[in-house]
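These come from Swiss-Prot:
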type: ACT_SITE; residues: His90; note: active site, proton donor
type: BINDING; residues: Trp28, Ser59, Phe60, Glu61, Val82, Ile83, Ile84, Phe115; note: 5-amino-6-(D-ribitylamino)uracil binding site
type: BINDING; residues: Gly87, Thr88, Arg129; note: (2S)-2-hydroxy-3-oxobutyl phosphate binding site
Amino acid sequence: MSGHGAPDIDPTALDGSGLRVTVVAGRWHDEISAGLLAGARRVLDAAGVTTTVIRVPGSFELPVVARAALDAGADAVVALGVIIRGGTPHFEYVSDAATSGLTQASLLAGKPIGFGLLTLDDEQQGIDRAGLPGSKEDKGAEAAEAAVTTALLLKSIRGA
């Protein structure tokens, strides 16, 4: 499983009080998306951050809305989406655009975006990673942990 070797971060040890985090989540593949969102919210609530959730139509829209949230004052964004490979090149186009766009948004804003975009060969891979009952991984929680941890690290580096 891809989660082998993942860092062991205790979300209850994260003190994100004072941080503002926006979760931007796509609506495609609702069962998986809902699991990702629940995992992210659980971590953000435990860390004590102020959380805003914005739902977007799909993964292609994640970068522009993530950047807008960062420009509007969010300290970090958690980007959640699900793209499942089909029989056309559409999968590659959307996956590449969303991934590159999120990277650019983060770098240009100088703020972290937790990457919770699942690019999958089939629905079962998403269920296995969505933090649902019986799932092997919780990528929504992992993305939220990464966003909060990195936001705190950047605040420390910048002396804020």
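Here the Cβ of each residue, glycine as well, is placed from N, Cα and C on the backbone.
Shown are the binding-site residues Ser59, Thr88; of these, the residue with the fewest other Cβ atoms within 10 Å is Thr88. Counting every protein chain shown, 17 other Cβ atoms lie within 10 Å of the Cβ of Trp28 (5-amino-6-(D-ribitylamino)uracil binding site).
By the criterion of other Cβ atoms within 10 Å of the residue's own Cβ, the least surrounded of the recorded positions His90, Arg129 is His90. Long-range Cβ proximity for Val82 (5-amino-6-(D-ribitylamino)uracil binding site), meaning a same-chain Cβ under 8 A and a gap of 6 or more residues, is found for Gly26, Trp28, His29, Ile32, Ser33, Leu36, Ser59, Leu117, Leu118, Leu120, Gly126.
Note on proximity: of the binding-site residues Phe60, Glu61, Phe115, the one nearest Gly87 ((2S)-2-hydroxy-3-oxobutyl phosphate binding site) is Phe60, by Cα distance. Note: the CA-CA distance between His90 (active site, proton donor) and Ile83 (5-amino-6-(D-ribitylamino)uracil binding site) rounds to 10 Å.
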